[in-house]
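Asks: I am attaching a structure below and will ask some questions about it afterwards.
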Amino acid sequence: MKLVILDRDGVINHDSDEFIKSPEEWIPIPGSLEAIARLNQSGYRVVVASNQSGIARGLFDIFTLNAIHQKLHRAAKQAGADIDAVFFCPHAADDNCDCRKPKPGMFQAIAKRFEVSLKGVPCIGDSLRDLQAGFIVGCTPLLVRTGKGERTLAKGGLPPGTSVHVDLAAAVEFLLKSRKVAVEAA
Ligand SMILES: [Mg+2]
Ligand SMILES: [Zn+2]
């Protein structure tokens, strides 16, 4: 089974420093849903792993988060894309949970749910902690420059082997091309 793990805010949809607190504020980045559709067409299942500390902060509740994800799934479907599951961490940093990235708890839950090893599984994010969480469990990190990506890139300290891409569409293009080359060379 081929799997890709995506961060949500700043990768699939536009991010906001004030959090995405309602379905209305959830706006896809142009080309991102089509990029997920391309992954699906190439046999990838796509899963989202997202920190949502806005819940712990009381900025929105779980029902609103569900409504946001309904919008995500509906918009994906309209673009011919399918997102298998959305894993999220509702905690704040000082809750010391195991799921908030850069901790790998959500990734481990994904591995368990899909009964796969995450070794070499592409993980795509716009923040350092997305890539760190993936790197710990053996994922291949890809940084996008959308969302907080430019800030992340400027700060540096990316996990070894991180590749950098303009946006999700470009990251998927790179992924499909490099995997194709790998298959042809095998
Ligand atoms: Mg993000
Ligand atoms: Zn958590």
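Sequential numbering from 1, following the chain as shown.
Yeah, the Cβs are placed from backbone N, Cα and C, and that goes for glycine too.
Just lifted these from TrEMBL, have a look:
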BINDING   Asp7, Asp9, Asp126  Mg(2+) binding site
ACT_SITE  Asp7  active site, nucleophile
ACT_SITE  Asp9  active site, proton donor
SITE      Ser50  site 'Stabilizes the phosphoryl group'
BINDING   Cys89, His91, Cys97, Cys99  Zn(2+) binding site
SITE      Lys101  site 'Stabilizes the phosphoryl group'
Asks: Where ligand 2 binds, which of the recorded positions Asp7, Asp9, Ser50, Lys101, Asp126 are close by, with Cβ under 6 Å?
Replies: none
Asks: Which binding-site residues from the set Asp9, Cys97, Cys99 come near ligand 1, judged by a Cβ under 6 Å from any of its atoms?
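Replies: Cβ under 6 Å from ligand 1: Asp9.
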Asks: Can you give me the same-chain residues 6 or more apart in sequence from His91 (Zn(2+) binding site) with a CB-CB distance under 8 Å?
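Replies: Once residues fewer than 6 apart are set aside, His91 (Zn(2+) binding site) is near Ser53, Ile55, Ala56, Cys97, Cys99, Arg100.
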Asks: List only the single closest residue to Asp7 (Mg(2+) binding site), chosen from the recorded positions Ser50, Cys89, Lys101 by CA-CA distance.
Replies: Ser50
Asks: Want to know which recorded positions, from Asp9, Cys89, Lys101, Asp126, are within 10 Å of Ser50 (site 'Stabilizes the phosphoryl group') at Cα; which are they?
Replies: Asp9, Cys89, Lys101
Asks: Among all chains shown, work out which of the binding-site residues Cys89, Cys97, Cys99 has the most CB atoms within 10 A of its CB.
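Replies: Result of the Cβ crowding comparison: Cys89.
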Asks: Taking 10 A as the limit, how many CB atoms besides its own sit near the CB of Asp126 (Mg(2+) binding site)?
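Replies: Its Cβ shell of radius 10 Å holds 25 other Cβ atoms.
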Asks: Can you check which residue among the binding-site residues Asp7, Asp9 has the largest number of Cβ atoms within 10 Å of its own?
Replies: Asp7
Asks: Within its own chain, what residues at least 6 apart in sequence put their Cβ under 8 Å from the Cβ of Lys101 (site 'Stabilizes the phosphoryl group'), listed in sequence order?
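Replies: For Lys101 (site 'Stabilizes the phosphoryl group'), the qualifying residues are Ala49, Asn51, Cys89, Ser127, Arg129, Asp130, Gln132, Ala133.
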Asks: Whose Cβ lies within 8 Å of the mean position of the Cβ atoms of Cys89, His91, Cys97, Cys99, the Zn(2+) site, other than those residues?
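Replies: For the Zn(2+) site, the extra neighbours are Asn51, Pro90, Asp95, Asp98, Arg100, Lys103, Gly105, Met106.
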Asks: Just to be sure I understand the packing, how many Cβ atoms besides its own are within 10 Å of the Cβ of Ser50 (site 'Stabilizes the phosphoryl group')?
Replies: 23
Asks: Inside 8 A of the center formed by the CB atoms of Asp7, Asp9, Asp126, which other residues of the chain have their CB, for the recorded Mg(2+) site?
Replies: Arg8, Gly10, Val11, Ile12, Asp15, Ser50, Gly125, Ser127, Asp130, Val144, Gly147, Lys148
